[in-house]
Amino acid sequence: MFYREAGQFKVSYAADQAVFPIAQDRIAMLALLLIAFLVVPFVASEYVYRAVLIPVVILSLAAIGLNVLMGYCGQVSLGSGAFMAVGAYAAYNFAIRLPFLNPFVCILLGGFVAAGVGIAFGVPSLRIKGFYLACATLAAQFFADWAFLRIKWFTNYTPSGSINAPPLEILGVDLSSPTANYIVCLVFTVVLAIATKNIVRGHIGRQWMAIRDMDIAAEIIGVQPMYAKLTAFAVSSFLIGVAGGLWAFVYLGSWEPAAFSIDRSFQLMFMIIIGGLGSILGSVLGAAFIVLLPIFLNQALPPFGALFGWRISTATVSHFEAMIFGALIIFFLIVEPHGLARLWSVAKEKLRLWPFPH
Amino acid sequence: MGLRKLALLGAAIASAGVIVATAAQAQNEQFIPGLVYRTGAYAPNGIPFADGVRDYITMLNERDGGINGVKITFEECETGYATDRGVECYERLKGKGPTGAAYFSPLSTGITFALTEKAPGDKVPLITMGYGRSESRDGAVFEWNFPLLGTYWTAANVAVQHIAKEIGGLDKLKGKKIALLYHDSPYGKEPIAALEAMSKKYGFEFLPIPVPAPGSEQKSQWLQIRQQRPDYVLLWGWGVMNSAAVTEAGNVNYPRDKMIGVWWSGAEPDVVPAGDKGAGYKALMLQHPAGKSAVYADLEKYVIGPGKSLAKPDEIGSVLYNRGLINSMLGTESIRTAMAKFGNKPMTGEQVRWGIEHLDLTADRIKQLGFEGMIGPIKVSCSDHEGTRLSRVHQWDGKKWNVISDWYTADDSILAPMVKETAAKYATEKKITPRDCSKES
C-alpha cells in the first residue's frame, strides 16, 4: 500500500543504479538521518548517549569495516580488535608527538596506519583460506596485544601502560559534551558508510564479491586476487582503525590493550553474523543488537522478576544475560543464518505486496 | 531500520522506566552506587568485598536511619571487571537519587583509569581505596580521585622495607634480587616505577615478570623464577592469579615465606585454594587484618542476624569483607564530614568531594565507629589524597592470617618526587592547571 514502486519509471542508467532505487527507501533513509542528526540530540539523555548511542555508532563503523573483509571479500578475520588497537594507539601517538594536529585528524591518520598494518597481515591471505586465515589473523590479534603491552614507546613510557586521549576540540570549540561526541561519531560513521556503500557497488567491490564467491573463477575472468584481497584488507582495516580511534578518544578517554582484546574481535564477528554478512545495513543492525541486548536484559530482568515476587541479584542477572544471549545467537544462526538484514529484506518483499498478496 | 528503531525504543522505554522510578523516590535520600563483580574470573575476590560494602550501608540504615537522618539508597551494577561495562554502569548510576551518586568505588584499576577522565566533568568523586593511579594522590592535579589508605607505590615501598627488616637493614639489600610477578595490566604495572627507583637507590636487582590476564597459567613464569633464583618474589595479582601463583610456588618448591603479596593478593580466596601449599605465604595489609572488630556487634544485630546480608557465613570477618566495610565507612564518614559544613540533607558529588578532602578520622573517632585495630588515623588534604601511608604484613599459617609485623610508614622521600613528576606529566598531557593547595580551605 505505502511501499509500492509502481509508477516510478527509471529513464536513465544512473537512476536505475542508484543506491536506493525506490523513492520510499530514499525518503525513509533521509528521514532516519534527519532524526539521527536533528531529533535525537534534543531527546536523548546523557545516559542514552554514553551507554547506548555512542557505542552503537562507533561499533557500527567497526562492523562495517569487518563486513567489507568478511562479508564482501570472504576473508575470515579474527584480528579486528588488533586493527582497532592499531588505530587507537597510532592516533594517540600522532596526537602526543605532533601536538599541533587536531585529534580528529589524528584519528584519520590512525586509520591509515591501521590500513598499512592490515595490508601486512593480509599478505598470508594470498596463500591460505578459511579457518587457516582465521588463525593467521588471530596472530595479528596476539601481536597487537603484545606490542602495546611491551613496547613502551607506543604508550609514551607511562608507568602503568594505560594512556589518555587528548581533549577533543575543533578550531577551539570544545567537543567534550555527550551531544557533540555523538554528532562527531555519527558524522564519521555516516560519511564512511556512504563511501563504503559506493565502493562495494563499484568495480573494486565487484572484484571482492567475485573472489568471495569463487576465487579461481574470478581469477580466470581477470580479477587479480592479490589486488582484490589486499584492497579489501586495506579498506577494512582503515574503517576498523578509525572506529578504534573513536572508541579510544571519544568513548573510553583512557584505555589499555585489554579494551581491544580478542573478546572485541569476537564481538564484532557476532555483530556481522547476526546483522548480516555482506550488508552495510546489517552491520549497523548487528552492532545495535549486540550492544543493546545486554543492557536491556540487565535493566529489564530485575523488574520482570519483581512481577513474580522474585528478587534477582546482580549476579543472577549477569548469568541470565549470558544464557539468553547465547540462546539468541544460536536461535538466529538456525532460523535466519543471513542475519537481521535478511529479515529486513524479507519484510520489504512482503510489504510490496501488502495488503493484497498473490 | 525497523528493528533498529524497535531496539532503540525498547532501550528508551527501559531507561524511561528507570527514570520514572527514580523520580518517585523521596527527596531526603543519599544515593550510593556500587560497581561490583559477582561473576567472572575475579568474582571470588569481588563478592566478599561487595557484601562488606553493602552490609555496612544496610547497618547504617537499620541502626541510625542513614547518615544524620538522611536515608541511604544503594544499588549495585555488575561490571564483570570489564572496563566498558564499568563505564556503562557509571553512566547509568551517576545521576540517580535526588542529588546524584555520592561517590564511586569501582574496585578495578582499569575502570578507575577510564572514570578518572569522566569524573571531573560529572563532578562525582572516586574513592579508590588502595588501588588506582598512584600519582592521583596529588590532589592539586587529581581533584576528584581519592586513593585512600594507600597507593601501589606505598605498597611497593613498604614491601621493600619489610624485606630489609627481615634480612637485617636497608644496606643489606645491595646485591639481592627481588622479582615482581605481576598481573599484566595497569594494575600490575603500577608498582614497577617505584621498585625501579628503589632498586637504583638501594642497589638490589629488580626482575619484573609479567603474567598475562587472567593469570591461571604460570608454568613458564615459575620456570623463570627457578632459573633466576630471586631472594624474594613480590606478587601483584588479583583473582585466580593469586591462588595459581601460590600453588605454582609450592610445585616448584619456592619458599612461600619469601613471597610477599600486595594487599590485593592477601585474602582468603588467594590462599585457601592452594591448600597446604599456601602455608607461610606473606602479604601486605591495607592496614586492616582479618577478624572481627567492635563494629561486628552491630552488624550481627542489625544485618546478619535478621538475614539482611548476602554474605555467606565464612565470608564474614574475612579480609575482603572487612575491606568492603572500611570502604563504606570512609565513604559515609566523608558524607558526614560534608554534612557538617553543608547541612543535614542529601549531598551532591561536589559536596562529597569536599567532605572526602577534609576527612579527618582520629584514633578516638575510629574507636567510636568500631574500627579500632582495623585502620590507623587518617587525615586527607588537598595536597595528600591518600591520607595515610601506613601498612603491616600478615602471614597465612594454613588456616588463618596472622599479623607478623608492626606498622611501617612508607618513605616519602622516594615517593613524593615521583608523584609530583608523574602528576605534572598528566597535567600537561590533559592541559589541566593544578590547583593551588595553599589557597584551598
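Glycine too: its Cβ is placed from the backbone N, Cα and C atoms.
According to TrEMBL, the feature transmembrane segment maps to A:27-45, A:51-69, A:76-95, A:101-123, A:130-149, A:180-200, A:230-250, A:270-296, A:308-335.
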Given pairs 6 or more apart, does the transmembrane segment (A:76-95) have at least three Cβ pairs under 8 Å with the transmembrane segment (A:308-335)? no
Any residues 6+ beyond the ends of the transmembrane segment (A:27-45) with a Cβ under 8 Å from its own? 20, 53, 178-179, 182-183, 186, 190
Using Cβ atoms and a strict cutoff of less than 8 Å, what residues sit near the transmembrane segment (A:51-69) while being 6 or more residues removed from its termini? 40, 44, 75, 77, 80, 83-84, 178, 181-182, 185-186, 188-189, 192-193, 196, 199-200, 208, 232-233, 235-244, 246-247, 250-251, 267-269, 271-272, 275, 277-280, 282-284, 286-288, 290-292, 295
Please identify the stretch among A:101-123, A:130-149, A:180-200, A:270-296 with the greatest number of Cβ pairs below 8 Å relative to the transmembrane segment (A:230-250). A:101-123
